[in-house]
Amino acid sequence: MDPTALVLIELGAIFLGLGVLGRLAARMGISPVPLYLVGGLFFGHGGFIPVTGIEEFGHIASELGVVLLLLMLGLEYTAKELVTGLRQTWAAGIMDFVLNFTPGAALALILGWGVVPAVVMGGVTWISSSGIIAKVLSDLGRLGNRETPTVLSILVIEDLAMAVYLPILTTVLAGASFWGGLRAVGIALLTVSLVLVIALRYGAFISRMLHSEDRENFLLKLIGAALLVAGISASLQVSAAVGAFLLGIAISGATAHSATRVLEPLRDLFAAMFFVLFGINTDPTAMPPVLIPAILLAVVTTLTKVFTGGWAAKRAGVARLGRIRAGAALVARGEFSIIIAGLGVSSGAVPAELAALATAYVMILAILGPIIAKYAEPLGKKFGYGHPRAQASQTPG
Amino acid sequence: MNVEETRLPGIGTRREITVANGRRVGVIQFRDGEMNLLVSQQEDPDCSLAEIPLTTEEAAALGSMLGAPQLVQHLSNQQGGLAGLSTEQIVLPRESPYASQDLGATRLRTRTGVSIVALVRGTNVIPSPGPETDLLAGDVVVVVGTPRGIKSAAQILHEG
């Protein structure tokens, strides 16, 4: 068969399959990410129907997916929100990092994978899924809750921390020395602060330059700017994703709003490709041996996240039940864990089992996270964490 | 009154007040312009009892329902000395023949002797509206006049 025809057929089958899986996820009320991963496992190396010939396109498409995911994450926040978030919740951010990075890193070391995979696994267990969590909070009608700003600001800090962590990760994966790593940290911190200052001062100007009433024109300018910034960042070892994220932050106001609307379908398409490709590159036969470690890791990092959220909510003066809600809301891991694991896998500096472990881990917590968020509070009430009234009246927000 | 404003990064802004019985009541303003009315639980004021999505029109109607009585109270206090005059608020119903017409078309002054001192539309107050001012369904019409005049004015605004 003509190779182009084969590629078209394969891509068609994959996207159609993802469409069906996405619908299934919506009906079950879960995030589509774990199902996309399952889809990838099904098609991939050692899967039921191995696909060939789409590697090159798949690779570029999934890179685009990561750039668009991060660009749109940046669009969600304004520089001002990030700076206030950083000022108010930096302590919780550090707590979050220490408690949730450690279990992943420790497991990688225990499994004897070495330091570089430990840096990757730490990131996988550290970052909560802001996509899943924001949706859960609004679905459960918790936007008006007193603990919700705390939960959201922890997500903000994590996302901002990614802008420092990803460049470090890229450098470490490239096999840099200690000093090389330190230099990467310096460059990353400098770039992030510089972009925040530029975004605060000249955000309106950048937005005006990119803005256009014509949809097509606007889309081309946006994508062009995003890829350019992402590419330059990648060549500076700051990681393409971070460049896109920072550009997203610099775009503000009405422009950010219409940019979100224009980019959403593209992001959905390419991000789906990214998740599926991650699944394709994961060997399903590597899954069973890592299942027990994945479950253990999920249990431990559920507890550490609940503790992190509870602690932060307590500092914000939230009563006991609210602390449970805050902690449980943060449990879900998703897209970012896969982005981090994906960077590791594509660099070739991590063992193949890491992809399997990350896949199993994210599948568990992306599905269980929203369920835990929903039922933690009634469970807490049952076990006598009640009487919030007496306590809440002492701590007016 | 202390209005507490909290930014919800990536979502919007929440404005709320804590009312006398300890509950929080407020509005979540989403960045895409949508709005939720929020009421907290009595037993756990940290937690929402209800978050009710409101369209712009609904929010405006709710705003005038809450705001107009205050204006009326204020006006009554000011003209308190004048015997025989009272202030009243009349909501213009959707089926009113004057909805989407101008104020002059009602000829309210000529027919009943009452004056329209203000229109309340959502959070906007239009003071001393002229005859060219448009009336919209849901507007709260604040009138001053004799009780009898007000009664017939209400009838005119409702039925024509």
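The backbone N, Cα and C atoms fix where each Cβ goes, and this holds for glycine too.
Feature annotations, reproduced from TrEMBL:
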DOMAIN    A:21-372  domain 'Cation/H+ exchanger transmembrane'
TRANSMEM  A:6-26  transmembrane segment
TRANSMEM  A:33-51  transmembrane segment
TRANSMEM  A:57-78  transmembrane segment
TRANSMEM  A:90-113  transmembrane segment
TRANSMEM  A:119-138  transmembrane segment
TRANSMEM  A:150-179  transmembrane segment
TRANSMEM  A:185-206  transmembrane segment
TRANSMEM  A:218-236  transmembrane segment
TRANSMEM  A:290-312  transmembrane segment
TRANSMEM  A:324-348  transmembrane segment
TRANSMEM  A:354-373  transmembrane segment
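Listed by sequence, the residues of this chain that lie at least six past the ends of the transmembrane segment (A:119-138) yet keep a Cβ under 8 A from its Cβ atoms are 31, 33, 73, 96-97, 100-105, 107-108, 113, 148, 151-152, 154-155, 158-159, 162, 165, 168-169, 172-173, 297, 301, 305, 329-337, 340-341, 343-344, 350, 354, 357-358, 361-362, 366, 369-370, 373-374. By the Cβ criterion (distance under 8 Å, sequence gap of 6 or more), the transmembrane segment (A:90-113) is not counted as touching the transmembrane segment (A:6-26), fewer than 3 such pairs being found. Contact between the transmembrane segment (A:290-312) and the transmembrane segment (A:150-179) holds: at least three of their C-beta pairs are under 8 Å, each pair 6 or more apart in sequence. Residues 29-31, 33-34, 37-38, 41, 108, 113, 117, 120-121, 124-125, 129, 132-133, 136, 140, 278-279, 281-284, 286-287, 289-291, 293-295, 297-298, 301-302, 325, 328-329, 331-334, 337-338, 340-341, 344-345 of the same chain, all 6+ positions outside the transmembrane segment (A:354-373), place their C-beta atoms under 8 angstroms from a C-beta of that stretch. Same-chain residues lying 6+ beyond the ends of the transmembrane segment (A:218-236) with a Cβ under 8 Å from its Cβ atoms: 64, 67-68, 71, 187, 191, 210-212, 242-244, 246-247, 258-259, 262-263, 266.
Most Cβ pairs under 8 Å to the transmembrane segment (A:150-179), among the stretches A:6-26, A:57-78, A:324-348, belong to A:324-348.
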